[in-house]
């Protein structure tokens, strides 16, 4: 089985990072062109992208020592190819790399939460309460995930150079941490999927529009799949023998989650152009106004409509409904003289 060399791993890492950067910049360009401003979901997407770059940079600095040392231990390369460096410096970079990884993941979660708030917050009080619970859970999970690394090998004073303290019973310390990280990450993702999807069921909307919104909200599933695969490659004894695969899963999760975060704004390119007017919703009856508001807020959030066009559409819809109401003549009882 071919094991990737250092230059191949770094080439893949920087290629994925560049792709994520392009998608993020494209999101900013689309939203700025449509709205002339950036919202909180854009801000958190940008933060995730900055952390993604930092993750790649820190790994690039330690890879000549850490990755080549693993290849040398496997007998794939000669030990002379392993770059000598300060072990304390490597410990600090390794710790920073691990912390930055989780900053990327949770910044993406925050971006999705911000998007959901913009779309649904003005519609339902129950949603705002559920959103607050999901936001608090995500924040606590982020804090626990970061802090666990500081206490992994006893007192935080040993951090980040924890190798001497973790030398004994290292699997017994690391395995529970990885399992807890997996549980917290997956639980947060389940909340991110359930939170908006429960809002779709009672809405009066066309099936195609309901499916489109559900697909956007279920993009978080991509992170769930990558989280499971990365964890499996981190704890399985046989799979751990191939360091290149373990590293690739980390980079795939970091970069693909950033790309997924930026995908909703490319709706106009991925879907055929459809009439976004509110007037065609009148046939659904009075319940359509709530959906119309949500649909327009969603289109503004993903950069499909500008804020001005949303207001104009809402005003036109209200005017149309008012005119149609006035045009209906009053019902005259039978036998009444005219």
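Glycine is treated like the rest: Cβ placed from N, Cα and C.
Keep in mind that TrEMBL annotations are predicted by a computer and have not been checked by a curator.
The transmembrane segment annotation in TrEMBL covers 12-30 (among others).
The annotation domain 'Rhodopsin' is assigned in TrEMBL to 27-270.
Annotation comment: TrEMBL describes 42-62 (among others) as transmembrane segment.
The transmembrane segment annotation in TrEMBL covers 99-117 (among others). With a cut-off of 8 Å between Cβ atoms, the residues of this chain six or more beyond the transmembrane segment (99-117) that come close are 39-45, 47-48, 51-52, 54-55, 58, 131, 134-135, 138, 141-142, 145-146, 149, 185, 188-189, 192, 195-196, 217, 220, 223, 250, 253-254, 257-258, 260-261, 264, 301.
Residues or ranges marked as transmembrane segment by TrEMBL: 129-151 (among others).
Remote same-chain partners of the transmembrane segment (180-201), defined as residues 6 or more beyond its termini with a Cβ less than 8 Å from a stretch Cβ, comprise 105, 109, 112-113, 116, 119-120, 123-124, 127, 130-131, 133-134, 137-138, 141, 144-145, 148, 210, 213-214, 217-218, 220-221, 223-224, 227-228, 231, 294. Feature annotation from TrEMBL assigns transmembrane segment to 180-201 (among others).
The transmembrane segment annotation in TrEMBL covers 213-235 (among others). Within the same chain, residues 105, 108-109, 112, 116, 175, 178-179, 181-182, 185-186, 189-190, 192-193, 196-197, 200, 245-246, 249-250, 252-253, 256-257, 260, 263-264, 267, 298, 302 sit at least 6 positions outside the transmembrane segment (213-235) and bring their C-beta atoms closer than 8 Å to a C-beta of that stretch.
Through the fold, the transmembrane segment (247-266) approaches residues 4, 9, 12-13, 16-17, 19-20, 23-24, 26-27, 30-31, 45, 48-49, 52, 55-56, 59, 67, 101, 104-105, 108, 111-112, 115, 216, 219-220, 222-223, 226-227, 229-230, 233, 301-303 of its own chain, all at least 6 residues removed from its boundaries and within a Cβ separation under 8 Å. Taken from TrEMBL, the feature transmembrane segment covers 247-266 (among others).
TrEMBL lists 306-316 with the feature compositional bias 'Basic and acidic residues'.
According to TrEMBL, the region 'Disordered' annotation covers 306-338.
Under the heading compositional bias 'Low complexity', TrEMBL lists 317-327.
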